[in-house]
Amino acid sequence: MAATAAVPSAVGGRANKRGGGSGGGGTQGAEEEPPPPLQAVLVADSFDRRFFPISKDQPRVLLPLANVALIDYTLEFLTATGVQETFVFCCWKAAQIKEHLQKSKWCHPTSLNVVRIITSDLYRSLGDVLRDVDAKALVRSDFLLIYGDVVSNINISKALEEHRLRRKLEKNVSVMTMVFKESSPSHPTRCHEDNVVLAVDSTTNRILHFQKTQGLRHFSFPLGLFQGSLDGVEIRYDLLDCHISICSPQVAQLFTDNFDYQTRDDFVRGLLVNEEILGNQIHLHVTSREYGARVSNLHMYSAVCADVIRRWVYPLTPEVNFTDSSTQSYTHSRHNIYRGPEVSLGHGSVLEENVLLGAGTVVGSNCSITNSVIGPNCHIGDNVVLDQAYLWQGVRVAAGAQIHQSLLCDRAEVKERVILKPHCVLTSQVVVGPDIILPEGSVISLHPPDAEEDEDDGQFSDDSGADQEKEKVKLKGYNPAEVGPEGQGYLWKAEDVDEKEDEELRQSLWGLMINMEEESETESERSVDPEELDSRAGSPQLDDIRVFQNEVLGTLQRGREENISCDNLVLEINSLKYAYNISLKEVMQVLSHVVLEFPLQQVDGVLDPNRYCALLLPLLKAWSPVFRNYIKRAADHLEALAAIEDFFLEHETLVPSLAKVLMAFYQLEILAEETILSWFSQRDITDKGQQLRKNQQLQRFIQWLREAEEESSDDD
């Protein structure tokens with residue numbers, strides 16, 4: 001059953017605790033007592049199966065995110081925010097969690113945050129945990145309630161101060177303050193399953209209405225919300241639930257008194273419905289600049305991991321080594337490249353941007369790696385492509401493999417020339433290949449899917465039945481059509497919207513999948529070009545790109561007016577790049593377009609080609625260091641040239657100036673002659689692109705470049 005660390009004698013008994021708690025900051029005599037030490041209740045179980053079959057091998061809170069266990073991020077956040085005692089409640093795989101914590105810095109005698117581990121096979125929900133908190137009288141004042149898969153750098157001192165002040169002034173009426181972060185509905189860290197719409201009192205931040213939006217097309221609000229408020233009501237759909245709650249001791253008591261409360265959402269809805277009867281209120285605290293998110297599915301895992309690599313969770317960045325682990329020593333270089341100790345990178349391999357290489361990892365020759373995290377002691381063969389790939393410890397990827405937006409768990413192996421389409425998952429020790437393509441959404445595990453049926457009664461118990469399952473595995477063979485001729489594993493799920501279980505498929509590991517039939521008539525009838533769909537895949541929302549483009553334009557305008565140096569302009573553009581989750585490719589496209597458009601923004605009316613060049617060329621000269629910062633490789637040159645071509649196809653009256661513009665790019669050493677010639681000679685182009693290349697001035701410029709190249713070759 002349960003093993004519980006000794007609870008300090010300072011904890012009051014139940015008779016004293018029922019008085020409503022000391023969280024309101026009461027007074028004694030003439031002087032106010034200082035606030036008691038801050039406590040936290042950390043729930044190290046999700047009580048759902050969103051991460052199955054991954055979490056069949058290890059609990060969610062121990063899954064590595066940027067090579068650090070999720071629970072370590074949560075405990076670091078709690079400690080940084082001033083928590084001095086944390087109760088960690090474990091159920092599923094409790095022994096693994098306990099072992100991890102006991103070996104970590106959190107259980108060291110010098111830890112500022114005393115971690116007490118409480119385990120039980122009987123917990124089935126958050127409600128069970130909080131009823132146990134109440135039964136054991138663990139909390140003696142306001143406490144933080146949080147799951148062990150939350151990543152945050154929020155300073156909650158202001159929210160805590162507001163919470164305590166409210167309880168003092170209103171005689172403990174407010175029992176909970178929920179922490180939210182401002183976030184647009186299209187932001188990558190918005191989880192569809194957790195999206196909520198709130199009605200909030202404009203003056204007091206009291207939550208009046210709380211509704212999950214999953215599966216809803218329309219929302220309704222009680223009319224009384226608006227009739228009873230003197231100061232106005234805000235309807236908010238721009239908030240991300242950080243799953244951080246400041247609770248009074250009454251919260252645990254209310255869960256005891258209401259056994260139908262199983263989740264925090266049950267609790268919130270129950271209190272709002274019965275507010276007039278019980279007199280309890282819930283408030284919210286909103287942060288705009290800090291970071292907080294819960295890793296509730298693989299979509300959120302990917303989004304939060306990307307944010308850590310891009311340094312949005314500072315100071316929780318990979319090179320900081322906040323876990324004090326000898327294997328977490330990283331160096332950080334430009335474009336967010338992180339390398340652990342004893343990393344080997346083969347000749348011709350390119351780490352493009354946002355890449356983390358774990359200690360002891362070996363990368364072969366001519367590999368391309370971008371937006372990926374590779375765990376310790378991995379081996380990557382030659383000519384491998386990794387794009388948004390997440391590899392855990394000891395993974396092996398053979399030559400010629402391609403992995404796109406997929407997850408490979410501990411010691412998984414990908415054989416030669418295997419292609420993983422987006423949203424694939426290989427759980428621990430799975431082998432696939434060689435020469436196989438895994439369809440999008442494939443999940444391969446060493447645990448047979450039919451073993452699920454045998455576990456329904458004991459799905460939250462510990463791993464006592466693991467040996468029985470291993471015996472079942474031995475009796476069942478692997479299907480080479482699913483995992484390849486040398487593969488080892490069973491196919492759990494391949495997304496197929498034609499199956500009857502499409503609701504379950506949409507609730508896959510990667511989160512809620514959009515059902516196209518539910519889109520509005522206008523959207524569903526709109527025809528979309530396949531190239532447009534390709535361009536959207538793996539890139540931010542179009543709205544974010546438009547906003548980024550406007551921000552870059554504003555930055556350059558201000559730079560020109562205030563004479564800001566190019567180095568500082570690069571810093572500002574980089575910060576915008578990370579803010580809107582923009583790739584380097586898109587930065588080059590936007591930068592090229594914005595600069596070429598700049599003269600048109602400054603002059604009313606139509607510009608002729610000569611006047612346009614007169615305005616543009618000085619700008620190119622002034623901002624050439626900005627271009628050179630982003631345009632380095634041949635692929636970068638071609639992307640910039642494609643953006644230049646697109647601009648002139650949009651502004652056909654300016655095509656006569658294209659040759660002068662390209663000459664300026666060439667003379668300023670932004671674009672190289674070989675890439676300009678390569679761009680001009682492209683065959684797979686549109687009719688308009690072919691027509692553009694027939695421009696006489698452009699052809700003369702290309703001929704001049706070719707002759708210059710020949711002369712250079714003769715001189716050599």
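Note that Cβ sites are derived from N, Cα and C of the backbone, with glycine treated the same way.
Keep in mind that what you see is a predicted model, and the values were worked out from it rather than measured.
What Swiss-Prot annotates here:
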| type | residues | note |
| --- | --- | --- |
| REGION | 1-35 | region 'Disordered' |
| COMPBIAS | 18-28 | compositional bias 'Gly residues' |
| MOD_RES | Arg18 | omega-N-methylarginine |
| MOD_RES | Ser22 | phosphoserine |
| CROSSLNK | Lys56 | ubiquitin cross-link |
| CROSSLNK | Lys98 | ubiquitin cross-link |
| MOD_RES | Ser125 | phosphoserine |
| CROSSLNK | Lys136 | ubiquitin cross-link |
| CROSSLNK | Lys212 | ubiquitin cross-link |
| MOD_RES | Thr317 | phosphothreonine |
| REGION | 443-481 | region 'Disordered' |
| MOD_RES | Ser445 | phosphoserine |
| COMPBIAS | 451-466 | compositional bias 'Acidic residues' |
| MOD_RES | Ser461 | phosphoserine |
| MOD_RES | Ser464 | phosphoserine |
| CROSSLNK | Lys500 | ubiquitin cross-link |
| REGION | 517-539 | region 'Disordered' |
| COMPBIAS | 523-535 | compositional bias 'Basic and acidic residues' |
| MOD_RES | Ser527 | phosphoserine |
| MOD_RES | Ser535 | phosphoserine |
| DOMAIN | 538-715 | domain 'W2' |
| MOD_RES | Ser539 | phosphoserine |
| MOD_RES | Ser712 | phosphoserine |
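Sequence features, as recorded in Swiss-Prot, placed on the structure.
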residue: Lys56; record: ubiquitin cross-link; DSSP (3 states): helix
residue: Lys98; record: ubiquitin cross-link; DSSP (3 states): helix
residue: Ser125; record: phosphoserine; DSSP (3 states): coil
residue: Lys136; record: ubiquitin cross-link; DSSP (3 states): coil
residue: Lys212; record: ubiquitin cross-link; DSSP (3 states): strand
residue: Thr317; record: phosphothreonine; DSSP (3 states): coil
residue: Ser445; record: phosphoserine; DSSP (3 states): strand
Specify the nearest of the recorded positions Lys56, Lys98, Ser125, Lys136 to Thr317 (phosphothreonine), where nearness means the distance between Cα atoms. Lys98
How many neighbouring Cβ atoms, not counting its own, are there within 10 Å of the Cβ of Thr317 (phosphothreonine)? 20
When distances run from the Cα of Lys98 (ubiquitin cross-link) to each of the recorded positions Lys56, Ser125, Lys136, Lys212, the nearest one: Lys56
Of Ser125, Lys136, Ser445, which is closest to Lys212 (ubiquitin cross-link) if I measure between C-alpha atoms? They're all recorded positions. Ser125
Output the one of Lys98, Lys136 that, of all these recorded sites, has the highest number of other Cβ atoms within 10 Å of its Cβ. Lys98
Just name the winner among Ser125, Ser445 (the modified residues) by count of other CB atoms within 10 A of its CB. Ser445
Looking at the recorded sites Lys56, Lys212, which sits with the largest number of other Cβ atoms within 10 Å of its Cβ? Lys56
Considering only the recorded positions Lys56, Ser125, Lys136, which residue has the minimal Cα-Cα separation from Ser445 (phosphoserine)? Lys56
State the Cα to Cα distance, in Å, between Lys136 (ubiquitin cross-link) and Lys56 (ubiquitin cross-link), rounded to an integer. 30
Lys56 (ubiquitin cross-link) to Ser125 (phosphoserine), Cα to Cα, whole Å, comes out at 18
The average per-residue pLDDT within the domain 'W2' (538-715) comes out at 82
